[in-house]
Every structure is written in structure tokens, then in C-alpha cells.
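The Mg(2+) binding site annotation in TrEMBL covers N21, E387. Sequence annotations record features per position, and here TrEMBL assigns ATP binding site to K28, H210, L211, G212, N213, G214, D285, M286, R287, G333, I334, G335, E336, N337. The substrate binding site feature in TrEMBL is assigned to R95. The feature active site, proton donor/acceptor is assigned by TrEMBL to D151. Residues annotated as site 'Transition state stabilizer' in TrEMBL: H183, R243.
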Amino acid sequence: MTFLNYNFGYSNVSTSVLVINCGSSSIKYALVSERREDRIFGLAENLGSADARIKGITAGNQPLELSIPYADHEKALETILGRLSQYKPQAIGHRVVHGGTLTKAELLTPEIVEKIREATPLAPLHNPAHLVGIDATMRLFPELPQVAVFDTAFHQTMPAHAYRYALPKFLYTQHNVRRYGFHGTSHAYVSERGSELAGSYKHGGWLTAHLGNGSSTCAIWNGQSVDTSMGLTPLEGVVMGTRSGDVDPSIHSFLASNLGWDIYKIDKMLNSESGLLGLSDLSNDMRTLIEASEQGNEDATLAIEVFCYRLAKSLAALSCGLPRIDGLFFTGGIGENSAYIREKTIAYLPHFGFNLSKEQNDGLKRGTEGRIDAGTGPQIWVIPTDEEGRIAKETVHVVEHEVQQAAKKPESDIATA
């Protein structure tokens with residue numbers, strides 16, 4: 001593929017990058033424009049069924065709902081791209097959960113696609129769906145440069161003492177068993193944006209808490225991840241909506257020996273039936289639990305307490321990777337919108353010198369960025385994440401680099417590329 005026919009100046013590309021996130025039966029998409037408020041986005045869901053549809057927001061902030069019965073990924077992508085063709089997207093950025101040991105976003109070539117395929121055992125629920133979307137878009141739009149942006153790549157700067165498990169060496173050297181970390185695009189965006197607002201762009205020591213149905217924490221020094229809560233898979237770490245987070249690994253043998261459960265039943269329980277849902281026996285939605293707790297539901301109250309305590313415990317542990325702590329960034333659906341959870345979490349960290357302003361915390365409009373500390377001690381910020389924007393930005397960087405490299409090649413090399 002040659003890129004000399006494209007004009008990939010940053011301002012040009014940033015107005016026309018299509019970001020795609022393929023799940024097993026859904027596709028999230030966003031056409032990232034220069035202004036975030038102009039973004040076109042949506043979700044194709046229930047793919048393969050009679051109820052398949054596309055629902056989202058189109059130009060002018062107008063709602064879109066389109067029935068596409070029995071559409072597969074390729075048909076849904078064809079429909080999405082057809083509706084967006086008038087905006088002439090000039091590149092496609094794919095979110096890929098697991099990149100194995102790949103350390104940065106990569107132009108999609110047969111070799112990179114194969115590396116994504118090789119990482120499938122590390123993300124068996126996610127990578128196959130990403131590969132379906134990649135295969136479909138590369139067939140439908142072979143003329144467009146396409147880039148894979150990996151959730152794991154941001155954490156490849158972790159030192160060995162942070163990413164190695166205390167397991168036999170051959171499991172690492174022969175089978176790649178190590179800690180990888182996830183939510184990398186979110187932690188990267190939030191730490192970059194937050195440090196900029198704090199007046200120390202990509203400098204100093206920061207803790208980030210991405211809190212949603214999936215949650216993780218990260219320690220960042222001078223713009224680079226030095227440790228994170230998730231590990232080989234997104235199950236490790238803090239309590240999440242339906243995932244347990246950290247548990248004693250011997251729970252597998254205990255449940256197998258005493259209840260006769262097989263590994264698949266245990267895995268499903270830990271990933272889909274635990275966390276806030278398991279503790280409360282009510283819901284994985286923090287809003288529902290807070291409401292129930294206010295009405296006297298003790299299980300909901302306990303679920304909230306465990307969530308906040310384990311979150312604070314994770315942040316405290318990750319601080320070991322930082323020479324100093326300049327502040328903390330909250331993000332994700334819970335982190336951005338729940339002043340109550342932010343306050344309870346900070347309360348578990350009194351010895352870190354955080355001084356939360358109750359007025360600032362309670363008064364911050366939901367979904368907006370702002371500083372919520374009292375002006376003394378490490379800073380505390382709420383930074384709404386923008387994973388699509390980050391993926392688009394990384395896509396731009398990769399394509400611009402390829403353009404520059406192509407421009408340096410002799411014409412004979414380009415003709416045979």
C-alpha cells in the first residue's frame with residue numbers, strides 16, 4: 001500500500017478518522033472530528049439476529065435508529081461506512097484489547113494482523129471479534145490506511161518487577177504469562193489531559209482510576225505507565241461491575257474440590273457473576289446500589305464499601321511505583337459522575353495528604369472536567385475519558401509516520417510496494 005495519494009496533515013486527519021471497536025455481537029463507532037461536540041457516533045448491536053440495529057447520534061446531534069435485520073459485522077460496517085462516506089474518513093483506527101508484547105499502535109499489515117491473532121489466547125473474548133471487524137474493513141475499504149491501537153500498549157513501559165508474576169520462568173519465556181494491563185487508551189488520555197490542566201504536562205507522578213463496569217488503576221511517572229491493577233487478563237485488580245478483581249487463586253481448587261465446579265463454571269462466576277453484582281445480589285450498576293443503600297439495603301451498602309476500600313487499597317499499592325505523588329485523576333462512568341464514590345475512596349487514604357473539597361466535589365457537573373481538591377496536598381481531578389479521541393490521535397501519528405517514510409523512498413520502491 002502506498003500513502004502518497006493522501007494528505008495527512010494533523011488538522012485534516014483529525015476531522016476524518018473513523019474509530020471502530022468490534023465486540024462479539026456489536027460494533028461501536030465514532031467519526032472523530034476536530035471538535036468533540038461535532039462527533040458522530042453510534043452502536044450496531046444484536047448483530048446476526050432479527051433485532052440487529054444501529055443506534056446513535058449523527059450530524060447536528062440528531063438521533064439515529066436504523067434496523068438492519070440479520071446483519072453480520074461486514075454488513076453492519078458497510079452500512080455504517082455508507083452513511084459516513086459523505087464525510088470522507090481518511091483512516092480507520094481499530095481498538096484492539098490485547099496486543100501481546102506490541103508496544104505501540106501499528107499500521108495494519110498481514111504481519112500485525114497475525115500478531116493480533118497470536119495474542120488471542122490472552123484475550124479469547126475480545127481479539128476474535130476485533131479480527132472480524134479488521135478483516136471486514138480491510139476487504140471493504142482496502143484503499144484506506146487502517147491502524148490497530150492496543151489497550152495493552154500503554155503499559156509496556158512497566159518494569160519487569162511490576163509485570164512479572166512469581167511463577168516458574170518458563171511460563172513467561174515460553175507462554176507469555178505476565179501482567180499486561182488494560183484500559184491503556186483511557187489511562188493515557190486522562191493522565192495526559194489531567195497533567196496538562198494541572199500545569200505539568202506529562203511530568204510528575206499521577207494515579208489514575210478508571211471506574212466503570214470494568215475498572216482499573218494506574219501509576220504514571222512522566223507520562224509513562226509504571227504499574228497498573230489489571231494483569232494477564234482484565235479480571236485481576238479492583239472490584240468491578242461483574243468481575244471479582246483480586247481473589248485467592250486457590251479458590252479454583254476449593255470450588256472444584258468442594259462444589260464439583262469445572263474451570264469454565266468458575267471462570268464464568270468470577271467474570272460475570274461477581275463484583276458489585278455478586279456482593280449485592282442486586283445489580284452491577286453503582287447508581288442502583290447507591291439508591292438501594294440509601295433505602296437501607298445492607299448488601300448494597302457492603303458492595304459499595306468493598307468497592308471503595310479495594311480501590312483505595314489499589315491506589316495505595318500503586319503509589320510504590322512513584323517517586324512522588326502529584327495527584328489523582330478519576331475517570332470512567334463512575335469516576336466521572338459519582339461524587340459519593342470519589343469522597344468515600346479518598347476517605348480511605350487519609351495518610352496520603354489528599355484534601356478533598358466537598359463543595360467542589362459535590363458541585364462538579366456530571367461528566368465535566370474539574371479540580372475537586374481544597375488547594376492543599378496532591379491535586380485531585382475529574383477528567384472525562386475520551387478513548388475514541390485517543391485512538392484517533394494515535395491513528396494520525398502512525399499514518400503520518402508512514403507518509404513521511406513513503407515520501408523518503410525512491411519512486412522505484414514505491415511502485416513495487
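Backbone N, Cα and C atoms are what each Cβ position is placed from, and that goes for glycine too.
Curation plays no part in TrEMBL annotations; they are all automatic predictions.
Note that the coordinates shown come from a computational prediction; the quantities given were computed from them, not determined experimentally.
Comparing the Cα of K28 (ATP binding site) with the Cα of every entry in D151, R243, E387, these being the recorded positions, the smallest distance points to E387.
Cα of L211 (ATP binding site) to Cα of H183 (site 'Transition state stabilizer'): a distance of 10 Å. Put simply, the two farthest-apart Cα atoms among K28, H210, L211, G212, N213, G214, D285, M286, R287, G333, I334, G335, E336, N337, the recorded binders of ATP, are 24 Å from each other. Taking only the Cα positions, the spacing between I334 (ATP binding site) and D151 (active site, proton donor/acceptor) is 20 angstrom. The Cβ of E336 (ATP binding site) lies under 8 Å from the Cβ of F330, R366, G367, V382, I383, P384, T385, each of which sits 6+ residues away along the same chain. By a simple count of nearby Cβ atoms, those within 10 Å, the most crowded of the binding-site residues L211, I334 is L211. Within 10 Å of N21 (Mg(2+) binding site), as judged by C-alpha distances, the recorded positions found are R95; the full candidate list was R95, D151, N213, R243, R287. Annotation: H183 are the recorded positions among H183, N213, R243, R287 whose CA atoms are within 10 angstroms of the CA of the residue listed as 'active site, proton donor/acceptor'. Within its own chain, R243 (site 'Transition state stabilizer') has G214, P234, L235, L270, N271, S272, S274, G275 as residues 6 or more apart in sequence whose C-beta sits under 8 angstroms from its own. Cα of E387 (Mg(2+) binding site) to Cα of the residue listed as 'substrate binding site': a distance of 9 Å. By neighbour count, meaning other C-beta atoms within 10 Å, the densest spot among the binding-site residues N21, N213 is N21. Each of the recorded positions K28, R95, H183, R287 was assessed for Cβ neighbours inside 10 Å, and the highest tally belongs to H183.
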